[in-house]
């Protein structure tokens, strides 16, 4: 399966490059051609998806490598407030539409939460190689965008924890609703405790461990890059294991691993990036191909008008909500970046595939709603590069524009 994806990704990627589209489109098309809706030659879909997840891990590690902890500290308030406000507004709109269309509240909450999440791996690819130093008194859009995406990953972990309660709420009587609310509050407390524990672990590693560890790796890898690559990969896996054990997303652990190593200086960052980027690029191809495995072209063609309307509605709604929220929380000197950050957030996370599958099995949503979520998610991911490029062309000053696109 991996060999087939590797061979077919090349002509698909070349084709997209020739007609001026991002190569990720080609990899998604490769997944469509080889998946259940195409030639059906991929038999081990779960294994392919699992290997693709490693592409997400290395992508987030490299993004974390380009963002020092000091840089993220400047935008932590915006990163915390922005996703929370956006999720609450999306759920409010979802409940309103659900009431008008006579959809169950639990189903409305689930769909709204799914649609409120944005794709961290996709936006990380947009940001890769486009990070610049902050202007005096200004905030860099990439720091704000990445901080908000990291917070959304935390929200995702919280939603997965609350999901069984949401299922139970659909069949609960009013006498047990109080217990369910109490359980949700306890879960939120556990998440906050886990985040505090992760912060303390990172502080200890940054202060006492990361410096000696890297110096030892650097000394041992003279003339032998294998040791350096293995050492860095082991550190990434250690951090994602720690965050997983503390009930926080593994993706956050990968990002923190990069941020911790970036504290060792620019030279260290450059050396590690040159070693890890080729691994990331190959695994990212498998990740985007695994997205294509979930696309059903026949369903998209039959329901094309409805799907285009829904996708455009979701993208526009997320863009507008992000602009409104950022207008309220961004400093006046950095208001221009709200358009770029909003463009980066105006798509749906590929993790909705996983959430939708779980909700389908649990009976929260029907098969038709599940296919709608998959199709809208995929179409929004396909629209995302065009929207991002338009925002960069309009809002980024000319000297910075070339490296961003």
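Just so you know, glycine gets a Cβ as well, placed from its N, Cα and C.
Feature annotation from TrEMBL assigns domain 'Cation/H+ exchanger transmembrane' to 8-387.
Listed as Cβ neighbours of the transmembrane segment (12-34) (distance under 8 Å, sequence separation of 6 or more from its ends, same chain) are residues 1, 4-5, 40-42, 122, 125, 284-285, 288-293, 295, 297, 378, 381-382, 385. Annotation source TrEMBL lists transmembrane segment at 12-34 (among others).
The annotation transmembrane segment is assigned in TrEMBL to 54-72 (among others).
Here TrEMBL flags 84-103 (among others) as transmembrane segment.
What TrEMBL lists as transmembrane segment is 181-205 (among others).
Look at TrEMBL and you will find 226-246 (among others) tagged as transmembrane segment.
Among the features that TrEMBL reports, transmembrane segment is placed at 282-302 (among others). Proximity of distant same-chain residues to the transmembrane segment (282-302), defined by a Cβ-Cβ separation under 8 Å and at least 6 residues beyond the stretch ends, is recorded for 2, 5-6, 9, 13, 24, 27-38, 42, 45, 48-49, 51-56, 58-59, 121, 125, 350, 353, 371, 374-375, 378-379, 381.
Counting only same-chain residues 6+ beyond the ends of the transmembrane segment (307-330), those with a CB under 8 A from a CB of the stretch are 77-78, 81-82, 85-86, 89-90, 93, 115-116, 118, 139, 144, 300, 337-339, 341-343, 345-348, 372, 375-376, 379-380, 383, 387. Annotation comment: TrEMBL describes 307-330 (among others) as transmembrane segment.
Sequence-remote contacts of a segment are chain residues at least 6 beyond its ends whose Cβ falls under 8 Å from one of its Cβ atoms, and for the transmembrane segment (369-388) they are 21-22, 24-25, 28, 107, 111, 114-115, 119, 122-123, 126, 291, 294-296, 299-300, 303, 307-308, 310-311, 314-315, 319, 343-344, 346-350, 352-353, 356-357, 359-360. Positions annotated as transmembrane segment by TrEMBL: 369-388 (among others).
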